[in-house]
Amino acid sequence: MIDTDRLIAAQPQGSEVHVDHAIRPRRLAEYIGQPRVREQLDIFISAARKRGDSLDHTLVFGPPGLGKTTLANIIAAEMDVDIKSTSGPVLERAGDLAAMLTNLQAGDVLFIDEIHRLPASVEEVLYPAMEDYQLDIMIGEGPAARSIKLDLPAFTLVGATTRAGLLTSPLRDRFGIVQRLEFYAVEELTEIVVRSAHLLGVDAERDGAAEIARRARGTPRIANRLLRRVRDFAEVRGDGRLTAAIADQALNMLHVDRHGLDHMDRRLLMAMIEKFDGGPVGVDSLAAAISEERDTIEDVLEPYLIQQGFMMRTARGRVVTRSAYEHFGLTPTDAVATAVPLTPPGESDA
């Protein structure tokens, strides 16, 4: 099964947490990309500060690695308040959430990552806390049990999720601000790589940064990870300068091609071409052919390949596109020309 150790995995890897923290932007002015989100948050934060209020509860959603945690920290910094961070799976009992809520000061930010994974019992405690700044606590057991209400200071809940569709309607409706993060353009990722290289003390040419950006799958976390690996290559095989040629050599050595595909992506596409004549093929047959789990194909591999137009989902199964054949220098089959997509290229319902 594929894990997050793939070089182009969007999920964080334990070894890079301290590095990511060092290069993470602290203010909205430093945040690159997502212009719509930045503009709206700038207005909402400025208005809240002008009134002396806490910011409305904010939900940030989108694919992993796009900067949801970074935005939560920026919101706290711009509001000049403290931030307490946790995640949905960690809050197993209502008491866990109650302990965090009662330790908040007025205006503080409570950041809950993977908020879609909150247990139902914990989520119910969150409703009155978000809406009325009150905490309902049960004291005693059996017939003697009674409920008391504790007043909470006005705080801002920032929730982050990669699966907004899994949020319950009552929870989603309690967020006054909802922001979706989109994949980054190559130009934006180039700026991010240039900035990160400067902070890491890497002598990077703009062409070298652009070469990394083109292969980063629209994701800053991947771009920064590739930057660190190319830096290593430049120090050992070059003179330490990050040029386009050095970046190309390093990423080719790491099997990340010009479209950001790695060996697992290419293995999946080639299995469809060589073993199933380009499709259509069912996902279970495909999983057996490459010895991977169905969920891995649907949740990890397919979304990017569909988004980039290398694969289609049709009513009869998965089909590789003309672009996939051309990527490998092969001639498309007749099935490619007649396939009707169930999911349009560039979208994924995984």
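Cβ coordinates come from backbone N, Cα and C, glycine included.
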Given Swiss-Prot lists I23, R24, G65, K68, T69, T70, E131, D132, Y133, R174, Y184 for ATP, the same-site residue among R221, R225, R228:
R221
By Cβ count within 10 Å, point out the most packed of the binding-site residues listed: R294, R313, R318.
R318
Taking the centroid of the Cβ atoms of R294, R313, R318 (DNA site), which other same-chain residues have Cβ within 8 Å of it?
V281, G282, V283, L286, I297, E298, E302, G317
Going by DSSP, is T69 (ATP binding site) sitting in a helix, a strand, or coil?
helix
So for E131 (ATP binding site), how many other CB atoms are inside 10 Å of its CB?
12
Pairwise Cα distance for G65 (ATP binding site)/R294 (DNA binding site) [Å, integer]:
23
Could you give me the DSSP helix, strand and coil counts for the region 'Small ATPAse domain (RuvB-S)' (185-255)?
51 helix, 2 strand, 18 coil
